[in-house]
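Asker: OK, Swiss-Prot features for this one:
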type: BINDING; residues: Q163, K338, R367, S368, K389; note: (2R)-2-phosphoglycerate binding site
type: ACT_SITE; residues: E205; note: active site, proton donor
type: BINDING; residues: D242, E286, D313; note: Mg(2+) binding site
type: ACT_SITE; residues: K338; note: active site, proton acceptor
Amino acid sequence: MSSIIDIFAREILDSRGNPTVEVEVELDSGAVGRAAVPSGASTGAFEAVELRDGDKSRYLGKGVLKAVQNVNDIIAPELIGMEAQDQVAIDKAMIELDGTPNKSKLGANAILGVSLAVAKAAAEECGLPLYQYIGGVNAKTLPVPMMNILNGGKHADNNVDIQEFMIMPVGAPNFREALRMCSEVYHNLKNVLHSKGLSTTVGDEGGFAPNLTSNEEAIQVILEAIEKAGYVPGEDIVLALDPAATEMYKEDGKYHFEGEGIVRTSAEMVDFWEQLVNKYPIVSIEDGLAEEDWNGWKLLTERLGKKIQLVGDDLFVTNTQRLSKGISMGVANSILIKLNQIGTLTETLDAIEMAKRAGYTAVVSHRSGETEDSTIADLVVGVNAGQIKTGAPARTDRVAKYNQLLRIEEVLGSTAQYLGKNAFYNIKK
């Protein structure tokens, strides 16, 4: 085992041109780990705090020099000398050093950068790929991509209310073929949109962002693209939605679909999602209701929880306390896992473990503001999660994760598993 001899943070840019934190950790063996921290656009109110400088004269107030300084001046002196493989102790030390419930003192972006860089350095020290260091000898499940190919909401400058329309290649025999299927549908979608005279500009996550007559039209053009690519909707490829309903939820307690000019109550939202699920091959809905609409979520779960995957993102924010509440209430049946929502690798793994024990799936996810860091690719295999959400097959910040998964599948060889439809163990057959 090797101890930490140096920790250094710097300010770099993410995929939106905003600053973020990158951390390097060096061990006395010479092993080095480097990690960059992502950033979300539609963020849950209960997420750990991303520390920004607020100095409008630099990066419009979005600088992260305070977080960088916190790593270099406060966290580093505390952790230097600790054993890199003591991940739980290291993360615990940072949580205690911060001392707030939401990491607002040091910043979740500072703490997470160190947490992940430590894990990477320890993996290198052990001579193991990161996925195997995290998951051990049984880390072998490649994820079904939940690929966002059409963007709306906060991820795009268009009139589509639902934030993400995604495809999932459940009929693929392995990850490599799954990625090919998604890429072919993506290119066919571009042609379909072109043929209708619609825009093929892309949103933050690489999906197309056209103006459409309705949210339902988005589903229809994707189904057309799936068929044009030679695949059967509902068999080869299924659909997933992320309405990001918290963004639609207003002070009147109702959901405002501003693109369509429609206002819905919680009960009407449940009716709306049920109608879409009955009409189209939708297998997963994320954040179908707002983060504090627990009663609405309970109704949604009662109506659709045995039929499709209901993913809590803003609802759970990778937080075991909120997940525990959801489990006890019988709300949702899946959790979205975003490292920077909670701020340490240890707490992320705790949330995944709690979800699995309760029969909930865990979907490992990127953020809309990403970097070339591909840690989540290793994480999703390490914990055998079976599903990953990391954008369209466009923009290097997204493709970096897919390419890392291709490499991992290649290394695993015949031991690699791709679960397809069996990834949804939370849906009662």
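Note that Cβ sites are derived from N, Cα and C of the backbone, with glycine treated the same way.
Situate these features within the shown structure.
Answerer: K338 ((2R)-2-phosphoglycerate binding site) falls within neither a helix nor a strand when secondary structure is assigned with DSSP, and so counts as coil.
In this structure, E205 (active site, proton donor) belongs to neither helix nor strand by DSSP; it is coil.
In the structure as shown, the Cβ atom of D313 (Mg(2+) binding site) sits within 10 Å of 29 other Cβ atoms. In the three-state DSSP reading, D313 (Mg(2+) binding site) counts as coil.
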Asker: Out of Q163, S368, which of the binding-site residues is least crowded by other Cβ atoms within 10 Å?
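Answerer: Output over binding-site residues Q163, S368: least Cβ neighbours within 10 Å is S368.
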Asker: Cα-Cα separation of K389 ((2R)-2-phosphoglycerate binding site) and E205 (active site, proton donor), in Å?
Answerer: 10
Asker: I'd like the number of other C-beta atoms within 10 A of the C-beta of K389 ((2R)-2-phosphoglycerate binding site), please.
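Answerer: That number is 29.
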Asker: Between the Cα atoms of Q163 ((2R)-2-phosphoglycerate binding site) and D242 (Mg(2+) binding site), find the distance and write it as a whole number of Å.
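Answerer: Answer for this pair: 6 Å between alpha carbons.
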Asker: For R367 ((2R)-2-phosphoglycerate binding site), write down the residues of its own chain that are at least 6 apart in sequence and whose Cβ falls under 8 Å from its Cβ; none is a fine answer.
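Answerer: P38, S39, G40, A41, K338, N340 - these are the non-local Cβ neighbours of R367 ((2R)-2-phosphoglycerate binding site), listed in sequence order.
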